[in-house]
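Have a look at the structure below before the remarks.
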Amino acid sequence: QICNQHNAEDPNLEQAFHRMAQTEPNLDHDISWFVLPSYWAKTVVALISFLCFANSYDGDFVFDDSEAIINNKDLRAETPLGDLWHHDFWGSKLSSNTSHKSYRPLTVLTFRINYLFAGGFYPVGFHVINIILHCTISVLMVDVFSILLGGLQFSNKGRRLNLAPKTSLLAALLFAVHPVHTECVAGIVGRADLLCALFFLLSFLGYCKAFRENKEGHNFSIFWVLVSVILGAVAMLCKEQGITILGLNAVFDALVINKLNVLELIQKFLHKDKSLENAGLLRKGLLFRITLLMSGGASILYIRWKIMGTGPPAFTEVDNPASFADSLFVRAINYNYYYSLNVWLLLCPWWLCFDWSMGCIPLIKSASDWRIIALAALWFCLIGLISQALCSEDSHKRRILTLGLGFLIIPFLPASNLFFRVGFVIAERVIYLPSIGYCILFTYGFSLLSKQAKKKKILAVAVLGILLINFMRCALRSSQWRSEEQLFRSALSVCPLNAKVHYNVGKNLADKGNQSAAIKYYREAVRLNPKYVHAMNNLGNILKERNELQEAEELLSLAVQIQPDFAAAWMNLGIVQNSLRRFEEAEQSYWTAIKHRKKYPDCYYNLGRLYADLNRHIDALNAWRNATVLKPEHSLAWNNMIILLDNTGNLAQAEAVGREALELIPNDHSLMFSLANVLGKSQKYKESEALFLKAIKANPNAASYHGNLAVLYHRWGNLDLAKKHYEVSLKLDPMAPGTKENYNLLRRKLEQLQKKGG
């Protein structure tokens, strides 16, 4: 059992605490801050972390959620569970050249469980789990910070002592309310970072448990060291950063358990000092434990690489422009500038954006760029902190600064571009774990200021003010993540040069039917990035719908010229060419789209429409049949097959196709309507009537449904019912073609019958 809080009523614990206090300075001593029992400290942290993000619980699926959740077939029950271990985070095969290689099967598994329990894509359950995970992690941070700031000490009964209750609570609160965490908590795909952080911390706490019976590094539990390695592997199966905990455990072991002085060790190594063995490096157990950690980590990475298959992922220049720069100087300068911006987001998390790519941060191309100041400031601070961490005579300061820098830097390494190219410029989600290091350094700085300050309460109030500001910023940012409209618009002021921001605002407007406003944002996206083929494609689509065919063709032609394998743009270009009656070019464009995307049902559907316009009925039917094979629920393709067969007099074949379609899509009222028309012409009036009535029940305001049912009754001789449905049809659509004429014919017939009856 781990004890998280010093209990002043237990004399054994009190003695142990005082023994420790005599050997090492206590950070809490000079801080004017409140002390809470462990249970209450964790309750406060849990409550505050919950309140920060509670307003995101009923948010929508936004941004990357669509691809990772809604369009991810791995979440559905019909997908074999084993596929999760061969697919990436987005549901693509890892062996595919287009895969991002983000291997996070455990995260996808939790999404799948969410989906199954909710019975569909209902975002509330997904958001609630994210909030609970962040609260759990924040509570665990109380334990983690008590070890990192106060050291690892156990009582005679094996209970861990919290020697820094004030500072550990402050650091945990800083972590809980940091606004940079909003993307991870309020964005559902951020669950990868949350799960990774959870097992990351459990791995660290498990490693600490290995030393419960420790006497100066000689006794430890191999079981808990192995548990720590396994938990590190689990963290990596949630997100790639998780593997870095093994390195941090090794650093913690060397600095805290074995109390190594890194500078002294380096000096002895350089001077080949024979007392090196006594410096602690070869102390019993340390090398063995580090060997376990490193061999475990190497094995995990090897297995991960084998699963990944074809090598590292392929990213484009717009994803990470600095990594494509020819000059090593330009790459190095920009990478360091990105690091400084990440640090700035930790220090001042006011300007937050869902995406920092596509021109949001222009490249630094010369040493005269004023932004070089940010790099100088970053390295000035880092060198100062590193020198203190290595050279300070205060062992307590050395330990805390080294641990703070370790937790700040090591979890960030996979996102640093140092080992491999990453697919982003800045991503707030990857700072979730490094923020632990920031909280350590902030809290330590606060304790040093408190030691020097005469008015400690004013300093404490200032820190409370920072916590309150961060809390309010979290609440505001969480509300922005509730819908795509708010999220995308919030980015316009932060990254006005980001083409993707304008593209997403435009797409959101287009989805809501506001085409005029969408055009404005799509045009700006293309202006900012003249090679933005997705913006060109969407803008071309809108212009096509507005019958501005010439400009639509120019944009789509440019898009496929820039990206020749862009299947959607080829299909849309074919639609425009078809509208311009350039049928041969349209057919060629459709087949080019299918060449680049073999399973493309919508393209087969449009190809079928082209063939129908050219009276190539067999080709049209074959194209629509291909569409339904690839996508059995493709209602439009089924409908067109039924209508074409009906119009060409193939009623028996039309009926067979209609019945086949309704078996696959039994609740589609348009299919019921088309089949009912065929059955009516085949004089199967009763069955036709049943389908018409069923279609009307599903869609009672369709004038054509009532009009055609009236025609059926008219043929069948049920004139009163025919009159009733003609009148309903005309009420719904007074200009319905043919209905008024049929209604007038019926009225004349009824009048004649009345005269005869009279």
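For all residues, glycine too, the Cβ spot is worked out from N, Cα and C.
Look at TrEMBL and you will find 131-151 (among others) tagged as transmembrane segment.
Per TrEMBL, transmembrane segment is recorded for 188-208 (among others).
Proximity of distant same-chain residues to the transmembrane segment (220-237), defined by a Cβ-Cβ separation under 8 Å and at least 6 residues beyond the stretch ends, is recorded for 103-106, 195-200, 202-204, 206-207, 209-214, 243, 245-246, 249, 285, 289, 292-293, 296-297, 300, 304. Under the heading transmembrane segment, TrEMBL lists 220-237 (among others).
The annotation transmembrane segment is assigned in TrEMBL to 286-305 (among others).
Mean model confidence for the domain 'DUF1736' (311-383) is a pLDDT of 89. Here TrEMBL flags 311-383 as domain 'DUF1736'.
Taken from TrEMBL, the feature transmembrane segment covers 337-358 (among others).
The transmembrane segment annotation in TrEMBL covers 370-388 (among others).
Proximity of distant same-chain residues to the transmembrane segment (400-420), defined by a Cβ-Cβ separation under 8 Å and at least 6 residues beyond the stretch ends, is recorded for 27, 148-149, 200, 240-241, 243-245, 247-248, 251-252, 255-256, 262, 312, 320, 322-323, 331, 335, 338-339, 342, 382, 385-386, 388-390, 392, 427, 430-431, 433-434, 436-438, 440-441, 444. Residues annotated as transmembrane segment in TrEMBL: 400-420 (among others).
Annotation comment: TrEMBL describes 429-446 (among others) as transmembrane segment.
Residues annotated as transmembrane segment in TrEMBL: 458-476 (among others).
Residues or ranges marked as repeat 'TPR' in TrEMBL: 499-532 (among others). Same-chain residues lying 6+ beyond the ends of the repeat 'TPR' (499-532) with a Cβ under 8 Å from its Cβ atoms: 63, 318, 353, 355, 357-360, 484-485, 488-489, 491-492, 538-539, 542-543, 545-546, 555, 562.
Within the chain, the repeat 'TPR' (533-566) has long-range Cβ neighbours (under 8 A, six or more residues past its boundaries) at 499, 502-503, 506-507, 510, 515, 518-519, 522-523, 525-526, 572-573, 575-577, 579-580, 592, 596. The repeat 'TPR' annotation in TrEMBL covers 533-566 (among others).
For 601-634 (among others), the entry in TrEMBL reads repeat 'TPR'. Sequence-distant contacts of the repeat 'TPR' (601-634) (same chain, at least 6 residues past either end, Cβ-Cβ under 8 Å): 567, 571, 574-575, 578, 583, 586-587, 590-591, 593-594, 640-641, 644-645, 648, 661, 664-665.
DSSP assignment over the repeat 'TPR' (703-736) gives 28 helix, 0 strand, 6 coil. Per TrEMBL, repeat 'TPR' is recorded for 703-736 (among others).
Counting same-chain residues at least six beyond the ends of the transmembrane segment (458-476), those with a Cβ under 8 angstroms from any Cβ of the stretch are 31-33, 48, 51-53, 55, 170, 173-174, 177-179, 181-182, 349-350, 446, 449-450. Sequence-distant contacts of the repeat 'TPR' (703-736) (same chain, six or more residues past either end, CB-CB distance under 8 Å): 669, 673, 676-677, 680, 685, 688-689, 692-693, 695-696, 742-743, 746-747, 749-750, 753.
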